[in-house]
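Colleague: Can you keep this structure in mind? I'll have questions shortly.
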Amino acid sequence: MLAEKISCLGVNHQTAPVEIREKMAFSGDCLNPLVQIKEIPGCDECCFLSTCNRVEVLLVAEPEAATIAAVRDFLFAGSGLSAAEAEKYSYLRTGEAAINHVFRVASSLDSMVLGEPQILGQLKDAYRLAMEHKATGPILHRLLSKSFSVAKRIRTETSIGSSAVSISFAAVQLARKILGDLTGKTVLLAGAGEMAELAAEHLLAQGIGKVVVANRTLERAVNLARRFNGEAASLAELVPRLAEADILISSTGSPELILRRDDMAPLMRQRYNRPIFLIDIAVPRDLDPGLNDLDNIYLYDIDDLQQVVEVNKGERRREADRAERIVEEEAIKFLQWLENMELAPTITELRRRADELRRAELSRTLAALPGLTAEQQGAVEKMSGALVNKLLHHPMLFLKSAERPEDRRRNLLLLRKVFGLDNGDNGDAGP
Amino acid sequence: MEILFQAVFALYLGATITALVCFFNLNQRLRLMARGLLGTAAGLHTVYLLVRYFAAGHTPVASSHEAVSFFAWSLTMAYLAFRWRYRVKNFAAFVLPLITLLMLVALFSPARLVELPPAMQSWWLPVHGMIALMANAFLALAFCGGVMYLLQEREIKRKRMGFFSERLPSLEALDNLNQHCLSIGFPLLTLGIVTGSLWARQAWGTYWQWDPKEVWSLITWLIYASMIHQRFTVGWRRRRAAIMAIVGFAAVLFTLWGVNLFLGGVHTYAG
């Protein structure tokens, strides 16, 4: 069955802690993994998504354990984890569950912060890349396009995204708990990722006084700083620049820590112990987790921000329930489309088989009755056609009548069995 | 008079329970009710102190009952004054239990009117007594702020946001509270010691006689002085300031009661 061929294999914030996720981060390079997954035997279609919180492969493949295991091995290659650990930290969804999952991811119901808007853009990019490299086929094309429209429908029909629910919003909320009124405070952005930009925008809306952008390439820092009416700096200046900052948002692509506990201790004396809020949204992490042990330093990584999100989840939970219902509804529609895709070839095949049989029997009969006139031959032929049509009428109705997808699937299998469509014999074994 | 005091105590207790329930379920109507009960208690407590003043003929800070009751009244007034100027979310839920606790101590202390010994019959009694207890009241507010700070910071540091983070104000607001209360409490404490010293000169002919209460007042003063000094020179703020506010208040309580209980001296209250 087509639905069973769809599977989704990956790691997200719910299945694996940040320590595991950072080991398998693909640092923004989605092309290489995509090409390599495409080459895995049994894989018909694929799409590869890598964000801060998830690494995920969407597959259309024969549901065979070997293909799935090969994809999982590829994802965890270099993480140093055993196969059993890789299985423990990852999730695998197939068939209807996979369809549901894709829709939930697109509408950010599976995100750390419900309703955060970035994930849809990231999924669209992943789809575009897969399409450009001919990794998608009719099923993924339809599934992903559908997931975008489901996300749009959820955004318009529920208010899940309206209360600015994103990681950056959570960060702003936390900043207010630590620093009180944010008016006039200084924020330092290390790295210029999309999330950091968004957080800076939120902070500016709260009246933040100054934005300083520190980036490895100064040009990018200058451009971004201009957008926020702020100052640019190079990443090498990070520590001295921290002396004046109240909030640091770090999202560099650095594979190593950019700020250690030992860098900060003398700086706190220089700051007269003025508190500082460090937000590490990079995976792998930029900031030494030990920084949080120092007085007046509050360090939150991306997983920690989840806690803030939990606090005010109540309202959005209700909207999320509505959104989940939309997802279920759309998943059923997609399954119906898949089944129709399967129904059409079955109907065509059944008609073709019946017609072949009819023609074979007709020619045998006509050969045994040489005295028939052309008119009589025509009547016999017409009768055989009508007989086949009448015989097939009820099976066709039976096939199309089922309301529920699982009934349709059962009927389809039954019909194929009854008419021997999967046996490879042409039914011409009669006496 | 006893019934009046019991009524005041009951009102404080009612306000405290309401404020605590409100702290748990965040019910705004209960918040207004707690405020009303506290206002009534404060008014009635003032009446009680005036009645006692006229009955005894001196400011009611001479016995243990009077001093603690006056301390509770000062704390109420300090809280209301602070509340009028600043808004600190759910501050009442921490201050009101302390007021009620003080009132409970006063309730179980002998409330009979005492005859003042000749040394205490001076106009310095209301000046020194009231200033010292008012200083204690503001230092008690700083203590409550310190406790709130540590609870809030614990949740933020441990990244387990939930009960307190939702109910307590920002760390910045709590640190400001600490600073505001100290900036009133510390000068009052200094003034209390100075007036006490002047009174001692008048009563016993010497400014300072190393009485245990005097020594402990000095220790308390040194704790707060070092705290303020460190705050402005090396930035001992926030967590350290909160801990110091708690330590300082422990010294205040010891000066108020511990000295009387364990060390005696000229300040030992009658009754």
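Cβ atoms here come from the backbone N, Cα and C positions, even for glycine.
Dumping what TrEMBL says about this protein:
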- A:CYS52: active site, nucleophile (ACT_SITE)
- A:THR51, A:CYS52, A:ASN53, A:ARG54, A:SER111, A:GLU116, A:PRO117, A:GLN118, A:GLN122: substrate binding site (BINDING)
- A:GLY191, A:ALA192, A:GLY193, A:GLU194, A:MET195, A:ALA196: NADP(+) binding site (BINDING)
- A:9-158: domain 'Glutamyl-tRNA reductase N-terminal' (DOMAIN)
- A:173-308: domain 'Quinate/shikimate 5-dehydrogenase/glutamyl-tRNA reductase' (DOMAIN)
- A:322-421: domain 'Tetrapyrrole biosynthesis glutamyl-tRNA reductase dimerisation' (DOMAIN)
Colleague: Return the member of A:CYS52, A:ASN53, A:SER111, A:PRO117 nearest to A:ALA192 (NADP(+) binding site) in space, with distance defined Cα to Cα and candidates limited to these recorded positions.
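Modeller: Minimum Cα distance from A:ALA192 (NADP(+) binding site) across A:CYS52, A:ASN53, A:SER111, A:PRO117 lands on A:CYS52.
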Colleague: Within 8 Å of the Cβ centre of A:THR51, A:CYS52, A:ASN53, A:ARG54, A:SER111, A:GLU116, A:PRO117, A:GLN118, A:GLN122, which other residues of the chain have their Cβ, at the recorded substrate site?
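Modeller: Other same-chain residues near the substrate site: A:SER108, A:MET112, A:ILE119.
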Colleague: In Å, rounded, how far does the Cα of A:THR51 (substrate binding site) sit from the Cα of A:ALA196 (NADP(+) binding site)?
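Modeller: Answer for this pair: 14 Å between alpha carbons.
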Colleague: Between C-alpha atoms, which of these recorded positions comes nearest to A:ALA196 (NADP(+) binding site): A:CYS52, A:ASN53, A:SER111, A:GLN122?
Modeller: A:CYS52
Colleague: Measuring CA to CA, name the entry from the binding-site residues A:SER111, A:PRO117, A:GLY191 that ends up nearest the residue listed as 'active site, nucleophile'.
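Modeller: Closest by Cα: A:SER111.
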Colleague: When the domain 'Quinate/shikimate 5-dehydrogenase/glutamyl-tRNA reductase' (A:173-308) is classified with DSSP, how many of its residues are helical, how many are strand and how many are coil?
Modeller: 59 helix, 31 strand, 46 coil
Colleague: Identify, among the binding-site residues A:PRO117, A:GLY191, the residue whose Cβ has the fewest other Cβ atoms within 10 Å in this structure.
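Modeller: Each of the binding-site residues A:PRO117, A:GLY191 was scored by Cβ atoms within 10 Å; lowest is A:PRO117.
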Colleague: So if I draw a 10 Å sphere around the Cβ of A:THR51 (substrate binding site), how many other Cβ atoms end up inside it?
Modeller: 24
Colleague: Any idea what the Cα distance is from A:ASN53 (substrate binding site) over to A:GLY191 (NADP(+) binding site), rounded to a whole Å?
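Modeller: Between the Cα atoms of A:ASN53 (substrate binding site) and A:GLY191 (NADP(+) binding site), the distance comes to 18 Å.
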